[in-house]
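As written in TrEMBL, here are the features:
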type     : residues : note
DOMAIN   : 19-199   : domain 'NADH:quinone oxidoreductase/Mrp antiporter transmembrane'
TRANSMEM : 20-38    : transmembrane segment
TRANSMEM : 45-63    : transmembrane segment
TRANSMEM : 69-86    : transmembrane segment
TRANSMEM : 107-127  : transmembrane segment
TRANSMEM : 133-154  : transmembrane segment
TRANSMEM : 166-199  : transmembrane segment
TRANSMEM : 205-226  : transmembrane segment
TRANSMEM : 238-256  : transmembrane segment
TRANSMEM : 276-293  : transmembrane segment
Amino acid sequence: MFAATLILGTPVLALSIENWVFLWMLLELSSVGFIIFMKSLEMSMIYFLTQTFGSIMILFHLVFWKENMFVLFSISPYFLIIGLILKLGVVPMHQWFLNVGSKIKKWALFMLMTMQKVIPLLLFKVLLKMGVIPGVALLSAIFGVFFQLGVYNLKKLILYSSVVNMGWLILLSSFQMTFLLIFFLLYSLMLSLIVPFISTHSAEMVLGFMSLAGIPPLLGFFSKLIALKPFTIWSETWGFLLLILSVINTFIYFRVFMSFGLKAPTLSLHTFRKPLWKIILFIQIGFSMIFMII
């Protein structure tokens, strides 16, 4: 109960805070809660060491900046960037994220991909200028997609997908908070419909990945649409590039499904009569209709 309170409460509290010191304190509390929640000594140690190193990098930057240490001032932003991308688990410091995520239980995995990302994203928004963010976001979005080639393990596939989506979220952090929150909430909802079935080759899992890929009229299509609006206004090239990457990602997902033999018979009329399918479809299409009206 204590761990769950820290994991869920600190990101919610962080949404109302802009002071980097308090955000950093909440980030550390959230990390402590997640370490307790994992209940795996080996994975907890890996997570603890990576988060500690990330925090040290962030503090180095802030100390150099506050104390006006001009000799190190020019390189201090690199400490900040390293610290934040390490905490987020994005390219090129994503390996710990893959190792930990592939060996923890389902709901710990869900928390790792959602709630543990909130405060680092807010720190991106507060501490980094627009000029740095696109490079970090593009690196994660491009390499995250192509790292999925040759991956057939569903847990690793969803982890690489998280790396890609973190690229989108990092870029959104430089725009209005509304875009960031909506995309993050929709992404979290999609993950909540995938994670329970991640160890199966079920039709429910296929539907979840189809939504994550952005297939209309499912929920993921509208999350991509919402994100692409500010991207294309800011830079048409960026918007087009991210759209192409989404198409490639969709191809990768379908290739994996076909390798498992998840073809038309799996998605038969009998399958759609199952109560769980009705609930998932209602959630996906229901939210999609809401965003169409908006």
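Cβ coordinates are placed from backbone N, Cα and C, and glycine is handled just like the others.
Note that this is a predicted model, so its numbers are computed, not measured.
Ranked by Cβ pairs under 8 Å to the transmembrane segment (238-256), the stretches 20-38, 45-63, 133-154, 166-199, 205-226 are led by 133-154.
Counting residues 6+ beyond its ends, the transmembrane segment (20-38) has Cβ neighbours under 8 Å at 2-7, 10-11, 13-14, 44, 47-48, 51, 55, 58-59, 62, 87, 104, 108, 111-112, 115-116, 119-120, 122-123, 126-127 in the same chain.
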